Amino acid sequence: MSGVPVGYQSSASSPDWLNKGDNAWQLTAATLVGLQSFPGLVVLYGGVVKKKWAVNSAFMALYAFAAVWICWVTWAYNMSFGDKLIPIWGKARPALNQGFLIGQAALPATAHYHAGGDVLETAAVEPFYPMATVVYFQCVFAAITLILVAGSLLGRMSFLAWMLFVPLWLTFSYTIGAFSVWGGGFLFQWGVIDYCGGYVIHLSAGFAGFTAAYWVGPRAQKDRERFPPNNILFTLTGAGLLWMGWAGFNGGGPYAANSVASMSVVNTNICTAMSLIVWTCLDVIFFGKPSVIGAVQGMITGLVCITPGAGVVQGWAALVMGVLAGSIPWYTMMILHKRSRLLKHVDDTLGVIHTHGVAGLLGGLLTGLLADPTLCNLFLPVTNSQGAFYGGVGGAQFGKQLAGALFIIGWNVAVTSVICVAINAVVPLRMPEEKLEVGDDAVHGEEAYALWGDGELYDVTEHGAGRAAVAPVSTPPN
């Protein structure tokens, strides 16, 4: 060891297998994804909703982030990435023991055998850093998924029902998708490509959120008719954290600070920028005005669309995906939504079915068309994978992408429905009308903005009518 610089020598806390660069990047990537949720989506939700729901919306996101952490380390991590129990699920066990957390990371079910036989094609994933790093990285992915689901339910779901929904959905829906696609389950072994969450996170969140919105029921009628953002600058702040945080979201996908990580970060920005520009142009062409909220929607659809293929498509393909990400979800949200009885009936508050469901499905299918064979061989466990655009086995890959999407959609619709019905048998899913009328003050006894005197709420009982604590009459109406 005398010829090795001190900083690179092994020790009890820095064993031979530890790659400090990979570990540093993976911890950074995980933290960037965590910042997307808190404060990112907490601020975005708090700003994009009507003023009377700002606190409740932000708090739903914050609660989900905390609750997922406890569930994740107690049982859900190993259900998603541990030893196989059945082809769609890992064995539940805690991820709390120091021997487990400081040992070298390994995803035991990810060994891939050629054609399902006994010949090992690709060894199990074993990153060069501690298991604690993987637990952290994957936890923030699970957390942001629940927060995205919340986007469909803002402005009327009972907070108590939400407290029950989070651990149940994480356990019976998210872990299934994560193990099946990433953890070594049947879709992983079959060769479905989901580079970093187009299916596991976004497709799941879009369809689970829409399904839950159906069971919870709509917002108050006047909120459905008029639901202006209370602070567009807060919305942009949250959106900025989302976009910049996606460098960790997709850049952490290879579990290493390597060339695939670099490629995925560049592709992410290409697709997102193009999607935002296309969405904005369509707003101008069809509605005569560029919308900031529309631009944020276009940004999100670009981020979502590139995610399943970020590390396996070329830069030109990311541009193509950006054009389609900014136009197809725009069409489903702005045109098709108004024509579809189902879409109009279900009150999906932030349109998560479009920004995450449609965009995630689009990205997964486009990956099945555009995945580059050279890039696939740098990342995927199934060798010689490629998109249909490149011929050969590519046509089969597109079929796998479609079948994988249908499984994720079907599972989420069914399980989310069961969870909602079960919760509703215990506590109402929807707030009572009197709370829907008032908003944050009735639900939490707090409001987002203190705009009277030294911060106390305006007491309208001194002025003749109304409820006991609302913002002063001089403030802009919701």
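Cβ coordinates come from backbone N, Cα and C, glycine included.
Caution: TrEMBL annotation is automatic and unverified by curators.
Remember, it's a predicted structure, so these values are computed and weren't measured experimentally.
According to TrEMBL, the protein has these features:
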TRANSMEM  24-46  transmembrane segment
DOMAIN    24-449  domain 'Ammonium transporter AmtB-like'
TRANSMEM  58-77  transmembrane segment
TRANSMEM  135-154  transmembrane segment
TRANSMEM  161-187  transmembrane segment
TRANSMEM  199-217  transmembrane segment
TRANSMEM  229-249  transmembrane segment
TRANSMEM  255-279  transmembrane segment
TRANSMEM  291-310  transmembrane segment
TRANSMEM  316-336  transmembrane segment
TRANSMEM  357-382  transmembrane segment
TRANSMEM  402-427  transmembrane segment
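Between the transmembrane segment (229-249) and the transmembrane segment (357-382) there are fewer than 3 Cβ pairs closer than 8 Å, counting only pairs 6 or more residues apart in sequence, which means the two stretches are not in contact.
Between the transmembrane segment (199-217) and the transmembrane segment (316-336) there are fewer than 3 Cβ pairs closer than 8 Å, counting only residues 6 or more apart in sequence, so the two stretches are not in contact. In this chain, the transmembrane segment (255-279) lies out of contact with the transmembrane segment (135-154); the count of Cβ pairs under 8 Å, excluding pairs fewer than 6 apart in sequence, is fewer than 3. Ranking 24-46, 161-187, 291-310, 316-336, 357-382 by CB pairs under 8 A with the transmembrane segment (58-77) puts 161-187 at the top. The list of residues near the transmembrane segment (24-46) in space but at least 6 beyond its ends in sequence, with Cβ under 8 angstroms from a Cβ of it, reads 54-55, 57-58, 60-62, 65, 127, 129, 133-134, 136-137, 139-141, 143-144, 147-148, 150-151, 154, 231, 234-235, 237-239, 241-242, 244-249, 251-252, 255-257, 261, 296, 350, 448. The transmembrane segment (357-382) shares the most Cβ pairs under 8 Å with 316-336, out of the stretches 161-187, 255-279, 316-336, 402-427. The stretch from 161-187, 255-279, 402-427 that makes the most Cβ contacts under 8 Å with the transmembrane segment (316-336) is 255-279.
Sequence-remote contacts of a segment are chain residues at least 6 beyond its ends whose Cβ falls under 8 Å from one of its Cβ atoms, and for the transmembrane segment (161-187) they are 60, 63-64, 67-68, 71-72, 75-76, 79-82, 84, 87-90, 107-111, 124, 138, 142, 145-146, 149-150, 153, 194, 199-200, 204, 208, 212, 216, 404, 407-408, 411-412, 415-416, 418-420, 422-424, 426-430. Through the fold, the transmembrane segment (402-427) approaches residues 158, 160-161, 164-165, 168-169, 172-173, 176-177, 180-181, 187, 190, 192, 194, 199-200, 203-204, 207-208, 211-212, 215-216, 361, 364-365, 368 of its own chain, all at least 6 residues removed from its boundaries and within a Cβ separation under 8 Å. Averaged across the domain 'Ammonium transporter AmtB-like' (24-449), the predicted model reaches a pLDDT of 95.
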